[in-house]
Amino acid sequence: MKKDENLLKDLWFIAISAAGGFILSLTGISIGWMIGTLIVACCLAMIRPAWLMMAPDQKGINRRWLALGQMILGIELGQKLNLSVLSVLKDHWFSVGVMLILSILLAMLSGYVLWRFSKTDMMTSFVGTAPGGLSAMPSIAQEVGANTAIVSLVQMMRVLLVVLSIPFLVILIYTKQDRTASAAAETISSATTDFRLAPVLWTVILILAAWGACKAAKFLKFPAPWLLGSMLGVAIVHVGGAAVTGHDMTAWWLSQANHVSQVFLGATIGSKMYKSMFAGVTRIIIVGFVSSVGLIAAMFLSAVIVSELTGISLITSVLAFAPGGIAEMATTSVTLHADSTFVVAVQVIRVILVIALLPPFYRLLHHLHGEKKDKKSSISGSSA
């Protein structure tokens with residue numbers, strides 16, 4: 001009985017929070033559902049109105065919603081690793097490698113700046129500036145013990161700056177190229193909304209692969225196992241299926257699944273926020289804004305250099321380097337006749353690498369930093 005009551009309360013909280021997501025989605029921003037839901041959920045969690053039926057000591061809604069949101073997101077990300085992406089990686093491995101390494105190094109430099117010049121802790125700073133996507137990084141922040149409120153704020157700021165500035169910037173430098181662009185939907189995901197037997201069966205196989213991989217990732221104590229496990233499980237099965245058949249297997253996958261994932265993630269993360277998380281937020285916003293602008297400027301400069309060295313068009317290079325907004329960058333690349341397959345390939349591979357590799361690295365960095373602090377305190381204690 002109590003379980004049913006808690007489930008209804010959770011659904012009530014998610015439904016109200018999702019209204020904010022729906023309103024912001026009308027702006028056309030691809031992560032509007034996540035941002036709107038997160039903002040409303042955060043406000044509700046801090047105000048706790050009586051009609052919300054949320055106990056004063058309740059620490060947010062059940063974590064199962066976060067796991068479900070992560071799993072849906074992981075399945076979607078895993079499907080993006082298709083033959084087109086692998087073909088780009090094979091043909092342009094040097095250019096892609098340089099872009100990925102520079103992107104991650106510049107993001108880490110941005111995190112270091114945020115850590116040194118604001119009062120936030122090291123883990124929060126690095127996770128907050130990692131270019132792994134607004135949908136993924138706040139949930140990873142929960143897993144690694146970072147401040148989810150600050151991570152969400154910094155990620156939100158960076159993604160909005162990228163989405164609002166990069167497309168206009170490349171339009172200013174746009175010169176028509178005699179190159180045909182792939183369809184954005186085809187580049188972004190091998191999925192269809194047509195309800196046919198073969199795509200539905202393939203979807204069931206992908207979901208089962210995601211579930212099994214999530215359980216394995218949880219057993220192996222991976223960070224964000226529901227996200228990382230489902231993403232890797234689906235990617236392996238998806239690429240394996242394509243290798244056997246010689247073409248990308250098509251799954252039945254509605255675009256609304258992404259919206260549902262964003263709502264679950266935004267509502268869960270927002271529900272666990274409290275006022276003390278925003279201590280010193282003004283300074284963090286200022287430093288975060290400056291570091292995000294610096295990151296975008298550095299990425300743009302790097303894109304110019306890579307374009308000169310490799311012969312990739314400047315517009316393609318800038319859109320591929322942009323630290324966030326996969327859907328927006330893909331759409332812009334198609335509109336401006338840039339190489340949309342290359343743009344999405346670099347963006348997708350970077351997100352997958354960041355989600356898979358950086359959390360363990362941050363944990364190690366955090367551990368080493370903690371040991372260094374302990375050593376310093378023991379030395380100062382013995383000298384006293």
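Every residue gets a Cβ built from N, Cα and C, even glycine.
Residues or ranges marked as transmembrane segment by Swiss-Prot on the basis of sequence analysis: 11-31 (among others). Distant neighbours of the transmembrane segment (11-31): 37-41, 44, 52-54, 61, 65, 134-135, 159-160, 163, 259, 262-264, 266-267, 270-271, 325-328; these residues of the same chain sit at least 6 beyond its ends, with a Cβ under 8 Å from one of its Cβ atoms.
Among the features that Swiss-Prot reports, transmembrane segment is placed at 33-53 (among others), with the record citing sequence analysis.
Positions annotated as transmembrane segment by Swiss-Prot, on the basis of sequence analysis: 66-86 (among others).
Swiss-Prot lists 94-114 (among others) with the feature transmembrane segment. Residues 88, 120, 125-131, 154, 284, 287-288, 290-292, 294-295, 298-299, 302, 306, 310, 312, 317, 320-321, 323, 345-346, 349-350, 353-354, 358 of the same chain, all 6+ positions outside the transmembrane segment (94-114), place their C-beta atoms under 8 angstroms from a C-beta of that stretch.
Per Swiss-Prot, the feature transmembrane segment maps to 153-173 (among others).
Feature annotation from Swiss-Prot assigns transmembrane segment to 197-217 (among others); the stated evidence is sequence analysis.
Annotation comment: Swiss-Prot describes 224-244 (among others) as transmembrane segment, evidence class sequence analysis.
Annotation source Swiss-Prot lists transmembrane segment at 284-304 (among others), citing sequence analysis.
Residues annotated as transmembrane segment in Swiss-Prot, with sequence analysis given as evidence: 309-329 (among others). Note on the transmembrane segment (309-329): residues 29-31, 92, 94-95, 98-99, 102-103, 106-107, 131, 133-134, 158-159, 162-163, 166-167, 169-170, 173-174, 177, 179, 184, 188, 295-296, 299-300, 302-303, 336, 338-339, 342-348, 351 of its chain, located 6 or more positions outside it, place their CB under 8 angstroms from a CB of the stretch.
The transmembrane segment annotation in Swiss-Prot covers 342-362 (among others).
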Other parts of the chain folded back onto the transmembrane segment (197-217), taken as Cβ under 8 Å at six or more residues beyond its ends: 67, 71, 74-75, 78-79, 225-226, 228-230, 232-234, 236-238, 241, 249-253
Any contact, the transmembrane segment (284-304) to the transmembrane segment (66-86), with at least 3 Cβ pairs under 8 A: no
